[in-house]
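Below is one structure, written out as structure tokens; comments come after it.
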């Protein structure tokens, strides 16, 4: 290796390492702001004492930190990372830079699955005999709904090939799932409607520690699977035939990646509602900053960027304590996602990636 090439490699490694350090610092900074700021400001030192078990000055402070703010911060971290990683995998599988769990209707499918269990168990026909709805039941239904829409969208993508057509089909599937949810709402007990309110709004504020156990376990396992799939996904960027020539079981990679996206989307939607545009924006920001499409770098960078987007959106939506009400997260994340969609369309990336 020449001296200039070696210097270029060192600069590249230094740039990537510095970028990841910056992203980690951003995540920590947003976490600190969300925990310390709100209707009641809490000093950083007091938060550290609470988290390290040294005891707070008052029980109220401990309750605010541990029971009110920390769960939503952890939920935001996991939801952002999950949606971003799901977006990376979908864009690779669909060969579509606009693929995203929210845009292609996967999140709407998860809402439909959850709605069937939550609303159906309250007295709609034969579903009334299902009994009490459990957290795992809602989670499983959300994952199944996400997987159903994902398979339909992927089938269309394989037949049509045009990324714009696939995008339109995904939007239509989302509307169809939304219409079915509206029908369930119309025929169900009004007392059960509150249980479904969070799904359409997108929020991390109502997540409890018990729910976080399910979210954390699922996300850690599936995000670990995503890391394992990084190298095969790199091969898929050059086409299924090329990946097969390298000895990669393409069908197996497709199945594992689809299962990963379905679980990540279903879990996130089941407990945080449909949070839009994170899975679309984070991968493009990661690729742009890293100047590469290597999944070994793009996946972790997207996860960190996704976490920052969701946590920052939560702060803007009401986590700053400036108002007594909060906006849906989608109202904030749309300001990130919409410019990315326009940039992808206008830059011609959607045509280049589909070729």
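Using the three backbone atoms N, Cα and C, a Cβ is placed for every residue, glycine included.
As recorded in TrEMBL:
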TRANSMEM  12-35  transmembrane segment
TRANSMEM  73-90  transmembrane segment
TRANSMEM  102-128  transmembrane segment
TRANSMEM  134-157  transmembrane segment
TRANSMEM  164-187  transmembrane segment
TRANSMEM  214-238  transmembrane segment
TRANSMEM  250-267  transmembrane segment
TRANSMEM  297-317  transmembrane segment
TRANSMEM  329-346  transmembrane segment
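Under 8 Å from some Cβ of the transmembrane segment (297-317) lie the Cβ atoms of residues 16, 19-20, 23-24, 26-27, 30-31, 33-34, 37, 72-73, 76-77, 79-85, 87-88, 203-205, 223, 226-227, 230, 275, 278-279, 281-283, 285-287, 289-290, 326-329, 331-333, 336, all in the same chain and six or more residues away from its ends. Sequence-distant residue pairs (6 or more apart) of the transmembrane segment (214-238) and the transmembrane segment (250-267) include at least 3 whose Cβ atoms are under 8 Å, placing the two stretches in contact. Stretch with the largest number of CB pairs closer than 8 A to the transmembrane segment (250-267), among 12-35, 134-157, 164-187: 134-157.
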